[in-house]
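According to Swiss-Prot, the heme b binding site annotation covers H64, H93. Look at Swiss-Prot and you will find 3-147 tagged as domain 'Globin'.
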Amino acid sequence: MVEWTDDERAIINGIFSNLDYEEIGRKSLCRCLIVYPWTQRYFGGFGNLYNAETILCNPLIAAHGTKILHGLDRALKNMDDIKNTYAELSLLHSDKLHVDPDNFRLLADCLTVVIAAKMGAAFTVDTQVAWQKFLAVVVSALGRQYH
């Protein structure tokens with residue numbers, strides 16, 4: 001079990017309290033699909049992903065990005081039990097969707113870039129430490145079924 005300090009909890013809650021889920025979710029998923037084009041293979045049913053412009057304008061990608069952030073919100077509300085919170089989602093991604101678990105880390109990295117850009121100077125070293133810890137726990141929980 002991961003131990004969270006009061007400061008870490010406050011930082012992570014602070015990040016989420018200022019997030020525009022639609023904007024940040026869309027930008028993060030789009031960035032992941034553009035920067036790491038091999039991740040597009042999991043989104044074959046989302047229509048044309050031919051180039052960066054079509055990805056950025058794709059409403060299904062935008063909606064899924066928002067859905068991902070709402071999924072992270074579940075981790076926020078269950079910080080002391082993220083592993084069990086994501087047990088079902090881990091099963092879905094491993095057994096049904098066959099998602100390479102490394103892609104969770106790639107998306108987490110893209111999310112960090114987008115949030116850091118949005119927060120600017122407020123994304124301090126301490127903020128990044130807490131945020132990276134949170135995402136590492138989420139990524140581990142999502143990849144749990146693969147172990």
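Cβ atoms here come from the backbone N, Cα and C positions, even for glycine.
Taking DSSP states H, G and I as helix and E and B as strand, the domain 'Globin' (3-147) has 120 helix, 0 strand, 25 coil. The average pLDDT the prediction assigns to the domain 'Globin' (3-147) is 89.
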